[in-house]
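Heads up, the thing below is written out as C-alpha cells.
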Amino acid sequence: MTDTPDPAAVLSPAVKAAVLSEALPYIRRFHGKTIVVKYGGNAMTEERLQRSFAHDVVLLKLVGLNPVVVHGGGPQIDDALRRIGKQGTFVQGMRVTDAETMEVVEWVLGGQVQQDIVMMINEVGGKAVGLTGKDGMLIQATKKLMVNKDDPSQPLDIGFVGDITRVEPAVVKALQDDQFIPVISPIGYGEDGTAYNINADVVAGKMAEVLGAEKLLMMTNTPGVLDKGGKLLRSLSAQTIDELFADGTISGGMLPKISSSLDAAKNGVNSVHIVDGRVPHCLLLEILTDQGVGTMISSH
C-alpha cells in the first residue's frame with residue numbers, strides 16, 4: 001500500500017493558524033458535550049484514513065469533547081465468512097445471521113475489529129476501552145423480525161439479528177468521567193444471554209439518543225446522501241426522507257443509516273450528519289469548522 005501523506009502535513013503555518021482560530025468557537029460551544037461517531041467504510045480499511053480518524057478522536061477528547069465510537073465491520077465479517085466458505089446475504093440492508101455467522105460476527109466485531117480500533121486510538125495518545133452490549137448490560141436486545149414486503153402478514157426471520165430493547169449507559173458514562181474513549185461493538189444480548197447482531201447504524205443512533213449527544217456523525221463511503229442524479233443533498237427533512245424512501249433513492253445499506261439518523265434527530269440529538277469518511281480528518285471538518293462534509297438530517 002502506498003503511504004499517501006496526510007494533507008494536513010503540507011499546509012502552511014498561516015493556514016494551520018487560521019484553521020485553529022476557526023475551531024475555537026466550536027471548541028467552546030461543544031466543550032463537555034458527547035459526540036457519537038459511527039465508524040465504518042473505507043475509513044476502517046485504508047491506513048491513511050485510519051490514522052486521521054484516530055487523531056481526530058483523540059484531539060476531540062483533548063479539547064474537552066466526549067467522543068463515543070460505535071464501529072461497524074462489514075468487510076471484515078465478509079472476509080472471515082469467505083474463509084469458512086460462507087457468503088453474506090442481506091435483507092433491507094440487514095445481514096442475515098445464522099448461528100455460525102453469529103459466532104463469526106462476535107469474534108470479528110468484539111475481538112479483532114474492536115481491539116484494532118482501541119489500539120489505534122491508544123497509540124496516538126488516547127485512552128480507549130472496548131465494550132460490547134454484554135458489558136454493564138449496555139445493549140439489551142430481542143430477536144428482530146423484518147417486514148415482508150410481499151406479504152406483510154408473514155414477517156421475515158433473518159436469524160440472530162436484534163432489535164434494541166434497552167440501552168443502559170452507566171458504563172459508558174463512567175468511562176467518560178474517567179477520560180476514557182468508549183469503543184462499542186454492535187452486539188446485543190437477550191435476557192437468556194443469546195447474542196444478537198445489531199446494525200451499527202442503529203446502535204449509534206440509539207446510543208446518541210440515550211447519552212443525550214450533541215452530535216451524531218455517521219461515516220460512509222459517499223459524499224453524503226445523493227439524489228438519483230448523483231448530486232449531494234446538503235440537508236434532509238423528515239418529509240424529504242419519506243419521499244426518498246418511497247421512490248427508491250435511499251435503499252440498501254443506506255436505509256438503516258438514514259432511519260437511525262432521523263430517529264435520533266426526532267429524539268433530542270441536536271445535530272445529525274452523514275459524513276464522507278473518505279475525506280481525511282472528516283470529523284474535525286464537520287465538528288470544528290464552518291464547512292461541513294456531508295448531509296445534515298433534521299426532524300422537521
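Any Cβ shown, glycine's included, is placed from N, Cα and C.
Site annotation for substrate in Swiss-Prot covers G73, G74, R95, and the matching candidate from N197, N221, N267 is N197. DSSP classifies K257 (site 'Transition state stabilizer') as helix under the three-state reduction. Taken over all pairs of the listed substrate-binding residues (G73, G74, R95, N197), the Cα spread reaches a maximum of 12 Å, rounded to the nearest whole number. Looking at K38, R95, the recorded positions in this record, the fewest other C-beta atoms within 10 angstroms of the C-beta turn up around R95.
The Cβ centroid of G73, G74, R95, N197 marks the substrate site; residues of that chain outside this set whose Cβ lies within 8 Å of it are G72, I77, G88, T97, V105, L109, P186, N199, A200, given in sequence order. The two recorded residues, K257 (site 'Transition state stabilizer') and N197 (substrate binding site), show a Cα separation of 16 Å.
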